[in-house]
Amino acid sequence: MIQTHSEVKRVEELRRLLQQASYAYYVSDAPIMEDAVYDQLYRELQQLEIQHPELVTPDSPTQRIGERPATQFLSVRHNIPLYSLENAFNVEELQAWDQRWRRQVAPTEAEYVAELKIDGSAIALTYQNGILVRGATRGDGVTGEDITQNVRTIRSIPLRLNFDGIEKVEKVEVRGEAFLPLEVFKQINEERQKAGEQLFANPRNAAAGTLRQLDSRIVARRRLDFFAYTLHISGMDDASIANTQWEALELLQKMGFRVNPNHKLCQSLAEVADYYKYWDTERLNLPYMTDGVVLKLNSFKLQEQLGFTQRFPRWAVALKYPAEEAPTRVENIAVNVGRTGALTPLAQMRPVQLAGTTVSRATLHNSDRIAQLDIRIGDTVIVRKAGEIIPEVVRVIKELRPADTQPFIMPTHCPVCGQPVVRETGEAVTRCVNASCPAILKGSIEHWVSRDALDIKGVGEKLVYQLVDKGLVHSVADLYDLTTERLFALERMGEKSAQKLIEAIAQSKNQPWSRVLYGLGIRHVGSVNAQLLSEKYRAVAELSSAKQSDIEGIYGIGAEIAQSVYQWFRINANQSLIERLQAAGLKLANTEEIPVMNNGILKLNGKTFVVTGTLPTLKRDEVKALIQKAGGKVTDSVSKKTDYLVVGEDAGSKLEKAQALGIAQLTETQLLEILEE
């Protein structure tokens, strides 16, 4: 189809509007456009590009997420090496670094730029004539991997630089840190835990692993963020080039990058030391991980004079915070069996205080990790924990190893049911594949009754264990065959308790199809994925008969999830389970229409809510469901992006923060009035 002049102009205008909106939302944290308007403009641009593929450009907002997974990452050589930084661990070592560089040059006054050291993964970005053409991992500093397709999904990285005259610049290279905000990291691990997947040990590992995903759709879902900190420009008039690190940070912001707002220009090492001490405690309140302070000489002229060693720039140093580490003794290595059959080794240790909590257990993940550490019962180990990170064994102090220790070997049979275990090709996890294994059954029932699934009140771990051990339940479908008489066989189960439990189980039949789908515990399917699947396939019959390729085509569903769902419905026992649940009266189809206003827009579309305190009549989950049903979003913490705070009795710090930010507050009654208008 031949494009008209007006269509070309419209495409250019749409790109400009969408790029401005993305910058305002993801970089400036000051939205200028409603989500619904953004979506409408995005769809219009997408449609025009489909009709006129010759108009598609690499910097178009539609090109952030690739259609197909990559098959491999290609090695690329960095134009300018990404050096490591020399480390200092206290103020004395910082002073020693300062004395070393001063011996290299004539006596001079110097300014320092102090920046928080973000605990993520370094990446290098290359722009030609203002357009992003390459993103690469740090690698060994000389050679990295081309991850351009994944870098495009990071919304705080501009696809086109926002700076007058930048399109005439031959090449711009930007370095920075890709990282996972703590709230996002927590959500990802919760999803992985519910889906029976191995948890990420910390946000840094999660960020690095995400950047190396072959499927950019998975990268997009994980919502990486980015702070820029280094700028190299070629082909630009000298007068326009920054002469100091401070000016470079300002220029990066003008170009459209997020720069960490907590950097400081210091006139002395004493100022640097104060900055370091301040953030040693304040960093715990940040929404991302930081493990130190990076100090750079501000003057580029001075940096050029000092140059580099074989490994480090002489003009910069990383002043690290001491890690939360402590030695302790491994008293036992237990092996747990999860609801997906995964065998997870667990180090049981002598209790030790770390990050304000008592740590006595740490996951060892799998047999590969055990072999890597060469950890044994009786070993003295260094265990680490910082903030909300999962406790991990960092290393074994082999000099303190008792003479009679033996290498730990993962069991060849399930420690619960005794059946042989398997380790599939390409997987690090060993699994019990016995569908009747009590551990798998108990885990699947706990998952079924959990808050995000069928939300059956009064069914905790102890009751689940009793139901399985007494032979009353052999699958989740058996819950719907329970009677008060049969429940009397359980310990501490009176008539009133039994009746309440039967009522709670019956009430779960009203839960929507998306929750039932999540409750089935299909591997890799978390609550968000279940929602996506249930929106596409509005009944179980549609999903069970869907082709794997069609499932994979859903935005947000990758190849791994699609394969898992497709294979689950091919198993006869699972088909029988679906039939029993259907016969029991559970909702295996969407029956409600999506509520819309007269103009077709959801009432709360694009609005972000936070709920605090105890509401008069509604539970928090009920409020969340009402808001989401009307197109709104509910988050756990108050920020500049929050539109409304729904306030109940005994509201705490969230109310204070909302008042400080000038965020509107609603009572339960006011919220219901908005929904009923």
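Backbone N, Cα and C atoms are what each Cβ position is placed from, and that goes for glycine too.
If you take the C-beta of K117 (active site, N6-AMP-lysine intermediate) and look for same-chain residues 6 or more apart in sequence within under 8 angstroms, you find T290, D291, G292, V293, V294, A318, K320. Positions annotated as active site, N6-AMP-lysine intermediate by Swiss-Prot, on the basis of sequence analysis: K117.
Annotation source Swiss-Prot lists NAD(+) binding site at D35, A36, V37, Y38, D39, S84, L85, E115, R138, E177, K296, K320, citing sequence analysis. With a 10 A radius on its CB, R138 (NAD(+) binding site) counts 21 other CB atoms from all the protein chains.
As annotated by Swiss-Prot, Zn(2+) binding site applies to C414, C417, C432, C437, with the evidence given as sequence analysis. Mapped onto three states, the DSSP output places C437 (Zn(2+) binding site) in coil.
In the predicted model, the domain 'BRCT' (599-677) shows an average pLDDT of 77. Among the features that Swiss-Prot reports, domain 'BRCT' is placed at 599-677, with the record citing sequence analysis.
Note on proximity: of the binding-site residues L85, R138, K296, the one nearest C414 (Zn(2+) binding site) is R138, by Cα distance. Shown in sequence order, V337, G341, L343, C414, V416, C417, Q419, V421, A439, I440 are the residues of the chain, 6+ apart in sequence, with a C-beta less than 8 angstroms from the C-beta of C432 (Zn(2+) binding site). Between R138 (NAD(+) binding site) and C437 (Zn(2+) binding site), the C-alpha separation comes to 45 Å. Within 10 Å of the Cβ of C437 (Zn(2+) binding site) there are 20 other Cβ atoms, across all protein chains. In sequence order, Y112, V113, E115, Q245, Q303, W315, A316 make up the list of same-chain residues 6 or more apart from K296 (NAD(+) binding site) whose Cβ falls under 8 Å from its Cβ. The local packing around C414 (Zn(2+) binding site), expressed as other Cβ atoms within 10 Å of its Cβ over all shown chains, amounts to 23. Around C417 (Zn(2+) binding site), a 10 Å sphere centred on its CB holds 17 further CB atoms from the protein chains shown.
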